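Below: one structure, written as structure tokens.
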Ligand SMILES: O=C([O-])CC(=O)C(=O)O
Ligand SMILES: [Mg+2]
């Protein structure tokens with residue numbers, strides 16, 4: 001039986017918690033720089049508080065302005081999951097508010113990443129629960145379906161698969177396939193260490209800036225005295 005457009009897959013192949021947590025101290029920019037700079041969600045999707053986003057994707061496809069499947073996803077989610085909602089970038093209805101955020105928090109859900117709108121933005125400022133969304137709208141959602149859970153979704157121009165590792169900070173959000181994660185933890189950690197070295201060189205005045213002029217010269221830039 002196939003019920004395309006209105007179906008729920010219950011199983012997610014989640015990476016280990018340890019592997020997900022290994023990204024905790026790596027800024028999103030330092031992860032993205034090791035991924036060809038092409039795996040970040042659209043910058044229109046913004047954090048609504050200071051809480052860090054780190055967890056495993058449970059995906060939802062929500063038809064325009066309808067959050068029935070989003071509610072079901074909260075009930076299905078496990079601690080550490082991030083509910084990633086493909087709301088088709090719709091700006092006309094909120095897909096969640098404070099009730100759903102508090103419910104999710106209580107369950108240990110790690111956050112919401114929503115290509116669509118939220119509401120109760122003022123209340124969210126004081127909640128220790130990460131919510132990233134495209135915008136806000138006071139108009140509430142419908143609850144009729146259809147929709148799908150745990151299928152590949154589009155969120156901020158990125159394909160997100162159930163089980164993907166999601167990392168967000170004030171700069172934005174990056175999407176990581178679990179099979180790439182170990183390598184990216186190693187590269188991101190090295191990236192962090194290199195940056196610490198650069199910061200030290202800036203402080204003690206030993207930073208080598210010769211690469212700027214060398215690069216301009218190699219690219220044929222004319223410098224006029
Ligand atoms: O009506 C809904 O499902 C969303 C909502 O306002 C809330 O979560 O507070
Ligand atoms: Mg509400």
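Backbone N, Cα and C define each Cβ position, glycine as well.
Per TrEMBL, the candidate among 119, 134 that belongs to the substrate site alongside 97, 98, 99, 100 is 119. Filtering 97, 99, 100 by Cβ distance to ligand 2 (under 6 A) retains the following binding-site residues: 97, 99. Its own atom aside, the Cβ of residue 100 (substrate binding site) has 23 Cβ atoms within 10 angstroms in the protein chains shown. Residue 119 (substrate binding site) has a Cβ environment of 20 other Cβ atoms inside 10 Å. Of the listed binding-site residues, namely 97, 98, 99, the sparsest CB environment within 10 A is found at 99.
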